[in-house]
Amino acid sequence: MTPSLTVLGIESSCDDTAAAVLRGPEVLSSVVYGQTALHAAFGGVVPELAARAHVEKLDIAVAAALSEAVLALDQIDVIAVTAGPGLIGGVLSGVMLAKGLSAASGVPLIGVNHLAGHALTPRFTDGLAFPYLMLLVSGGHCQFLRVEGPEAFHRLGGTIDDAPGEAFDKTAKLLGLPQPGGPAVEAEARAGDPARFVFPRPLLDRAGCDMSFSGLKTALLRARDGLVSAGGGLTAQDRADLCAGFQAAICDVLVEKSRRALTQSEGVTGFAVAGGVAANEQVRSGLARLAAELDAPFVAPPLRYCTDNAAMIAWAGQEAFSAGARSGLDLSARPRWPLDNSQPALLGSGKKGAKA
């Protein structure tokens, strides 16, 4: 790694417009413009609205990141941009801006896989050495990866249907809670009894590291409908207990599947978690306890680097650029982009969902 590289990162793959400047692992600036209020009335991210908002905010985010870092564009060594996977309108907006900046300034360009940004985050936040085990858990993805290099990822398993973040979002919608669903369900669960509703733990009876979360959502829907039929509606305690039971089931699945992934990951330097769902306190604490039990160093990046941000894109671009990777002005935006092409595609693999 060349520590003196100064990298401008650009991220626009879902509903956060972000730009950041890194010099080595040092974050000189990180700007994020969210779209939560824009999509609140629709119960989820509307791709067309998200794309238009990115167009309005991308240049503002880049200007703010450069200003905060007290740098001009000609002082940047590399421009790193998310080129996929994601909602194609937003990804395309970011790629087009990055290509324009590169063409106008002569600054080299590197396209970054958004998932690689999450997977490499423990490298710049905690200096975690290769190889390590990564649980990438977000709105659109859930997979175990053995991370062996900036562009070397081996998938051990993943979700065969919904990602946990998507399940959280849909659960929030079913219970009349605001979006994004993860923080809303987590907040409700704090006042709930996780033992009142015992939801299924899918695929724990099967070997391997694959996961499934769609059945959990269906089980919660049936429990909700049963309460409504019996009592004419949901009480505040009903809602809290449903959230607590649902969250406990998600955590149990993630912890047990992580146990299996760790036991088959010889020679790793540690176990890391990243992605938006990694911001969930119960998920983080459950994984931390597991790592301590198995005597594996555990890394959970600061919350601001678990959710979508451009600092992780700048870092992933810096790692790839230092390893010799380059992109030209023919860089394409990609709605799907699996990290491990040697493995059969998971259902929906490589495409971002509601939030990642």
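Keep in mind that glycine also has a Cβ here, set from the backbone N, Cα and C atoms.
Swiss-Prot has this to say about the protein:
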BINDING   His114, His118, Asp308  Fe cation binding site
BINDING   Leu136, Val137, Ser138, Gly139, Gly140, Asp169, Gly182, Asn280  substrate binding site
REGION    333-356  region 'Disordered'
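Projection of Swiss-Prot feature records onto the structure.
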| residue | record | Cβ neighbours (10 Å) |
| --- | --- | --- |
| His114 | Fe cation binding site | 30 |
| His118 | Fe cation binding site | 32 |
| Leu136 | substrate binding site | 27 |
| Val137 | substrate binding site | 31 |
| Ser138 | substrate binding site | 30 |
| Gly139 | substrate binding site | 30 |
| Asp169 | substrate binding site | 27 |
| Gly182 | substrate binding site | 28 |
| Asn280 | substrate binding site | 26 |
| Asp308 | Fe cation binding site | 29 |
Max CA-CA distance, Å, over listed substrate-binding residues Leu136, Val137, Ser138, Gly139, Gly140, Asp169, Gly182, Asn280: 17
Shortest C-alpha distance to Asp169 (substrate binding site) - which of the binding-site residues His114, His118, Asp308: Asp308
Number of Cβ atoms other than its own within 10 Å, given for Gly140 (substrate binding site): 27
Distance [Cα-Cα, Å, rounded] between Leu136 (substrate binding site) and His118 (Fe cation binding site): 7
Candidates Ser138, Gly139, Asn280 (binding-site residues) - the one closest to His118 (Fe cation binding site) by CA: Ser138
